[in-house]
Amino acid sequence: MENFEVIKALFLGFVEGLTEFLPISSTGHLILFGHIIDFHSDGGRVFEVVIQLGAILAVCWLYRQKIINLIKGFFSGDVESRHFAISVLIAFFPAVIIGVLAVDFIKSVLFSPIVVAIALIVGALIIFWVESKQFEHKTDDATKITFKQALLVGLAQCVAMIPGTSRSGATIVGGMFAGLSRKAATEFSFFLAMPTMLGAATFDLIKNADVLTSDNMVNIGVGFVAAFIAALLVVKALVLFVERHTLRVFAWYRIVLGVIILIAAMFFNLSA
């Protein structure tokens, strides 16, 4: 039976890694598939945090050379590196402020399947709207983002605190609305994810460190590795995809998933 739980942890790790950076809400998928396979982890919230950490570390690994060059450039006085680093910080801070003020409300009130389903569907409609508009893409390179554009993306990320919205979806769409090309918005979303998700993961791990035991470490470790590997596969593929295609396919998928979660919540006792 314990081996079966490890397999479930492996599966959910892959689900997290595959969905974290697609604009389709990893939270919605974890709720749905966790219910379907009846996964129970003694680590609870920590399991989710650690597999999210696995996904974001995959991005750090893929962009490691850019990160190293950015750090070197920042401290050597390179104007472009400093501009981009400050842009990421500008986009990051709204989430810090809102997160600190609203974290308890979000987890106690908004974290429910119904909210997730509604957010999925509303988010899909916003994607359709943004893709239907011919916004002037003034920025094709993520490193050339302006401070104003960065702030708009940061505010969009705050909306993603509503479970089911999708952090990547909100920041990519927010970037496009602000004047970034689809590819530039996607790449900036990845860079913004690093401080955002690493910060959130660190906060949650410290807060819930007491639930980490030898009994759940295997499940957590397996989920972490699975999420890391799956995210490696997704990130590069997504950048190539958005260069050639719109986000409409993800919008349709969100609607289908939202309807499924609504039905499951109303008739099959689906819970977060």
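The backbone N, Cα and C atoms fix where each Cβ goes, and this holds for glycine too.
Residues or ranges marked as transmembrane segment in Swiss-Prot (evidence: sequence analysis): 4-24 (among others).
Taken from Swiss-Prot, the feature transmembrane segment applies to 43-63 (among others), supported by sequence analysis.
Annotated transmembrane segment per Swiss-Prot: 86-106 (among others), in sequence order, evidence recorded as sequence analysis. Long-range contacts of the transmembrane segment (86-106) within the same chain: residues 145-147, 149-151, 153-155, 157-158, 161-163, 171, 188, 191-192, 194-196, 199-200, each at least 6 residues beyond the stretch ends and with a Cβ under 8 Å from a Cβ of the stretch.
Non-local neighbours of the transmembrane segment (109-129) in the same chain are 23-25, 27-28, 31, 162-166, 169-170, 173, 247-248, 250-252, 254-255, 257-259, 261-262, 264-265, 270-272; each lies 6+ residues outside the stretch with a CB under 8 Å from one of its CB atoms. Under the heading transmembrane segment, Swiss-Prot lists 109-129 (among others), citing sequence analysis as support.
Outside the transmembrane segment (145-165) by six or more residues, the chain places 25, 27-28, 84, 86-88, 90-95, 98-99, 102, 106, 110-112, 115-120, 123, 139, 171, 173-175, 177-180, 184-185, 188-189, 192, 196, 258, 272 with a CB less than 8 A from a CB of the stretch. The transmembrane segment annotation in Swiss-Prot covers 145-165 (among others) and rests on sequence analysis.
Taken from Swiss-Prot, the feature transmembrane segment covers 186-206 (among others), and the record attributes it to sequence analysis. Within the same chain, residues 21, 45-46, 49-50, 52-53, 55-56, 59-60, 63, 67, 84, 87-89, 91-92, 95-96, 99, 142, 145, 150, 153-154, 157, 167-168, 171-172, 175, 180, 235, 238-239, 242 sit at least 6 positions outside the transmembrane segment (186-206) and bring their C-beta atoms closer than 8 Å to a C-beta of that stretch.
Residues or ranges marked as transmembrane segment by Swiss-Prot: 222-242 (among others).
Sequence-distant contacts of the transmembrane segment (249-269), counting only residues of its own chain at least 6 positions beyond either end whose CB sits under 8 Å from a CB of the stretch, comprise 22-25, 28-29, 31-32, 35, 112-114, 116-121, 123-125, 127-128, 131, 164, 166, 169. Marked as transmembrane segment by Swiss-Prot on the basis of sequence analysis: 249-269 (among others).
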